[in-house]
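Asks: Questions regarding the structure given below will be posed in turn.
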Amino acid sequence: MAKGEGAESGSAAGLLPTSILQASERPVQVKKEPKKKQQLSICNKLCYAVGGAPYQLTGCALGFFLQIYLLDVAKVEPLPASIILFVGRAWDAFTDPLVGFCISKSSWTRLGRLMPWIIFSTPLAIIAYFLIWFVPDFPSGTESSHGFLWYLLFYCLFETLVTCFHVPYSALTMFISTEQSERDSATAYRMTVEVLGTVIGTAIQGQIVGQAKAPCLQDQNGSVVVSEVANRTQSTASLKDTQNAYLLAAGIIASIYVLCAFILILGVREQRELYESQQAESMPFFQGLRLVMGHGPYVKLIAGFLFTSLAFMLVEGNFALFCTYTLDFRNEFQNLLLAIMLSATFTIPIWQWFLTRFGKKTAVYIGISSAVPFLILVALMERNLIVTYVVAVAAGVSVAAAFLLPWSMLPDVIDDFHLKHPHSPGTEPIFFSFYVFFTKFASGVSLGVSTLSLDFANYQRQGCSQPEQVKFTLKMLVTMAPIILILLGLLLFKLYPIDEEKRRQNKKALQALREEASSSGCSDTDSTELASIL
């Protein structure tokens, strides 16, 4: 009976037209609706943005206070201290492509490909950071050599570990959403929090260790100098209080670091691209590096931002000396810095609105160039505190654009790269790590140029007044040199090919690629189901 039923069924099937038979077999294949636009909630964006604070908190504290800490609190000699700072910066720049290479070789896990780096580097990073601000009791006569090795080791170790946090965090921009607009919005949130991080880092470190200043005495020529004798006769209790103040500040910043990392880990989930997930393994690093460095839009973008970053870093690196010696606003430096950072914080949302309304290239031209008139004003004006505050607030507007725009434009370059090289997964960390590398390279160049220029101008170390040529050199480093670099950077941005029309085309092409990958995945699933049924 069963055999006869099977024969009738086969015979009926043979009488049906092929098209009808195929249609009758298809009900198991449900046509999937196009995916709705992926929208990140405000909570998701805030959790992502908070992850940018640790790098800025620690970097700001180290940038402004490590030198004076090594010299006056840890009692490291000036030459070893300068070696620690220089080697630390050089190592910091080197670790970015190194970590980018390691991440590109990482495989996807249940937590993602980037999150494990963030999770496992965090506890080690805060331990290394805390030990930077700890003064060990070395045996008598070995303080100088042992102290040099101690601070060099933990400074380089911390820079390595914080890079293991920051490079994957930067690359995470590409994996929080497949929508350009959502990534841009999340980047704006991130830049706002990062600027707030610099403000908080400066405030915490500055307020807690504000009393950690070497005493000054009037010398016979009428100039105020740091008294070596006073430093040596400083009471042990007072020095111990200063050391404890640095440890307290380090503990608070380390706690904020952990809290921010915890929020990031809980609130953000990596999203893997469909067309990438179909690739068996990541592209070899050096092959990916050749492709990335051969991608024209990326080279033009980092070249433009290399010049503009160098301009702003010249201002940043010499701002304290400029306020102290050229403008003679010794007691206003922290307040002026706070005015710049608060202005940047409040104007980042405005720049985010501007770039979505008028385009990113337009935002670059207006945002970066807006600093030029105020830099000219600083170069020409006489000493005036009110005008200086106005310039500081206006400078914050440009700083906000300089913070936001590179990180908003990098994802566009990566999207363009993926369209040209769709079978090259794992290259995102290379893009971000080498951008950070070139940024830190610019920081090192600005430090070297500034120090050399001041040395040629006969800068008097530890003095509270300087020769006129030093004041003039500082004015050039803070005004004319940045103006020239900004103009060169803007000229390079003229060559940058990804405008708003190109972005829209890339967005449509990427969407088509995702839909193709999705339908391919559905076909593979249906084939597997059919095979199991048969």
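Just so it is clear, glycine is given a Cβ too, placed from its N, Cα and C backbone atoms.
These numbers come from a predicted model, not from an experiment.
Here's the feature list from Swiss-Prot:
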type	residues	note
TOPO_DOM	1-39	topological domain 'Cytoplasmic'
TRANSMEM	40-69	transmembrane segment
TOPO_DOM	70-80	topological domain 'Extracellular'
TRANSMEM	81-101	transmembrane segment
TOPO_DOM	102-113	topological domain 'Cytoplasmic'
TRANSMEM	114-133	transmembrane segment
TOPO_DOM	134-148	topological domain 'Extracellular'
TRANSMEM	149-173	transmembrane segment
TOPO_DOM	174-180	topological domain 'Cytoplasmic'
TRANSMEM	181-212	transmembrane segment
TOPO_DOM	213-232	topological domain 'Extracellular'
DISULFID	Cys216-Cys464	disulfide bond
CARBOHYD	Asn221	N-linked glycosylation site
CARBOHYD	Asn231	N-linked glycosylation site
TRANSMEM	233-266	transmembrane segment
TOPO_DOM	267-297	topological domain 'Cytoplasmic'
TRANSMEM	298-324	transmembrane segment
TOPO_DOM	325-335	topological domain 'Extracellular'
TRANSMEM	336-354	transmembrane segment
TOPO_DOM	355-358	topological domain 'Cytoplasmic'
TRANSMEM	359-380	transmembrane segment
TRANSMEM	384-420	transmembrane segment
TOPO_DOM	421-430	topological domain 'Cytoplasmic'
TRANSMEM	431-457	transmembrane segment
TOPO_DOM	458-469	topological domain 'Extracellular'
TRANSMEM	470-493	transmembrane segment
TOPO_DOM	494-534	topological domain 'Cytoplasmic'
Asks: Should anything in the same chain at least six residues away from the topological domain 'Extracellular' (325-335) have a Cβ under 8 Å from its Cβ atoms, list it; otherwise answer none.
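Replies: Residues 202, 206, 319, 383, 385, 388, 464-466, 470-471, 474-475, 478.
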Asks: Counting only pairs 6 or more apart in sequence, are there at least 3 Cβ pairs under 8 Å between the transmembrane segment (40-69) and the transmembrane segment (336-354)?
Replies: no
Asks: If you count every Cβ pair below 8 Å, which range out of 114-133, 149-173, 181-212, 384-420 shares the most with the transmembrane segment (233-266)?
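Replies: Looking at each of 114-133, 149-173, 181-212, 384-420 in turn, the most contacts to the transmembrane segment (233-266) are made by 114-133.
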Asks: Looking only at the topological domain 'Extracellular' (70-80), how are its residues distributed among DSSP helix, strand and coil?
Replies: 7 helix, 0 strand, 4 coil
Asks: Could you tell me what the rest of the chain brings near the topological domain 'Cytoplasmic' (355-358), counting residues at least six beyond its ends with Cβ under 8 Å?
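Replies: 181, 184, 404-405, 408.
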Asks: Using Cβ atoms and a strict cutoff of less than 8 Å, what residues sit near the transmembrane segment (298-324) while being 6 or more residues removed from its termini?
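Replies: The answer is 64, 292, 330, 332-333, 336-337, 364, 368, 371, 375, 388, 395, 398-399, 402, 405-406, 409-410, 413, 417, 431, 434-435, 438-439, 441-443, 445-447, 449-450, 454, 464, 474-475, 477-478, 481-483, 485-486, 488-490, 492-493, 495-497.
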Asks: Counting only residues 6 or more past its boundaries, what in the same chain has a CB within less than 8 Å of a CB in the transmembrane segment (181-212)?
Replies: 38-40, 44-46, 48-61, 64-65, 68-69, 72-73, 173-174, 242, 245-246, 248-249, 252-253, 256, 334, 337-338, 341-342, 344-345, 348-349, 351-352, 355-356, 399-400, 403-404, 407-408, 411
